[in-house]
Amino acid sequence: KCAHLRLACETEPKPYYTSKLWWCGITLLGLGEVGNVTAYGFAPVALVAPLGCVSVIGSAFISVLFLKKTVRAADILGGTLTVTGTYLLVTFAPSVPQELTARRVQNYLVSWPFLVYLILEIIIFCILLYFYKRKAVKHIVVLLMMVALLASLTVIAVKAVASMITLSVKGKMQLTYPVFYIMIVLMATSCAFQVKFLNQAMHLYEVTAVVPINFVFFTTSAIISGVIFYREFQSAALLSVFMFLFGCLLSFLGVFVIARNKKEEHLQIPFIDCGHIPGQKLTGKIQPDSHSSCYGTLNNEDGSVKSQS
């Protein structure tokens, strides 16, 4: 974002991919995602997925330093709620010390709870896809529900791949099993379709609406998939489950508070000097406005509208 703003202020804007600052940001983003994927190999899905709220807090406060944003009361309140929720998540997260081998993943894939869950997910996804394709229903909930359903499969595959790679590095080779490559294909395919529907949602709706709703849907689907596929919370106490869900609720609320009423910043479109347009006065100015019905027109002194090429 900082690189895009700097390039926009230059007299001769260059493509963003020529900026060293932009490449630095992309590199850091990539390293963060590698760390995020690696975390699935060491911790339960129900813990790793909700901790994505940390990125929302980070972006809200780091923008104060690099983008010169002002700290709002909503940012402080939302950050406090999210930090409290994060503390509860870490404290009451399920502790399931299991060695996720390729054979165990194979057994999970053919277990009846997962098969029932998969069938229900496919049916719901097909219904949503029917409304999306045939009925042209592109409501934000429909789009992000499809993203969340795909994300649950992505999370399952990512954890399996990360765990098998971790065991292989430790000396217990798991990469020779076909299920490893099946999970890689599932991960890549589900990610690709997630990008498609998430990009559609970003195109049609404000980022401030997409980010919190997508975070809630994604986290919920990830926790459900972790509970069903990896059998997390299987031996957890009722109080631990309640406090964990309460921590999730606080994190969701904090993300919504931070994103609430935060408007997108757009670069100001400069006025056009009418002195360079034949038949107009040097003092005349027009303001291009793509949202106006008279975009590209000038008001004459008699009130009529004159079209300009």
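Cβ atoms are placed via backbone N, Cα and C, with glycine included.
The transmembrane segment annotation in TrEMBL covers 21-42 (among others). Sequence-remote contacts of a segment are chain residues at least 6 beyond its ends whose Cβ falls under 8 Å from one of its Cβ atoms, and for the transmembrane segment (21-42) they are 2-4, 6, 48, 52, 100, 155, 158-159, 162-163, 165-166.
Per TrEMBL, the feature transmembrane segment maps to 48-67 (among others).
The transmembrane segment annotation in TrEMBL covers 74-94 (among others).
Remote same-chain residues near the transmembrane segment (114-132) are listed as 108, 138, 142-143, 145-146, 149-150, 152-153, 224-225, 228-229 (criterion: CB distance under 8 Å, separation of at least six residues from the stretch ends). Sequence annotations record features per position, and here TrEMBL assigns transmembrane segment to 114-132 (among others).
Per TrEMBL, the feature transmembrane segment maps to 139-165 (among others). Long-range contacts of the transmembrane segment (139-165) within the same chain: residues 37-41, 45, 49, 100-102, 105, 121, 124-125, 128-129, 131-132, 174-175, 177, 179-180, 183-184, 186-187, 190-191, 193-194, 197-198, 200-201, 204-205, 209-210, 213-214, 217-218, 220-222, 224-226, 229-230, each at least 6 residues beyond the stretch ends and with a Cβ under 8 Å from a Cβ of the stretch.
Taken from TrEMBL, the feature transmembrane segment covers 177-195 (among others). Packing against the transmembrane segment (177-195) from elsewhere in the chain are residues 102-103, 105-106, 109, 147, 150-151, 153-154, 156-158, 160-161, 164: each is 6 or more residues past its ends and has a CB under 8 Å from a CB in it.
Residues or ranges marked as transmembrane segment in TrEMBL: 207-230 (among others). Counting only same-chain residues 6+ beyond the ends of the transmembrane segment (207-230), those with a CB under 8 A from a CB of the stretch are 44-46, 48-50, 52-53, 56, 96, 98, 100, 108, 113-114, 117, 140-141, 144-145, 147-149, 151-153, 155-156, 159, 198, 201, 248, 251-252, 255-256, 258-264.
Summarising the annotation, TrEMBL assigns transmembrane segment to 236-259 (among others).
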Beyond the flanks of the transmembrane segment (48-67) by at least 6 residues, Cβ under 8 Å: 1-2, 5, 36, 39-40, 75, 78-79, 82-83, 85-86, 89-90, 155, 211-212, 215, 218-219, 222-223, 226, 247-248, 251, 254-255, 258-259
Other parts of the chain folded back onto the transmembrane segment (236-259), taken as Cβ under 8 Å at six or more residues beyond its ends: 46, 50, 53, 56-57, 60, 74-75, 77-89, 91-94, 208-209, 211-212, 215-216, 219, 223
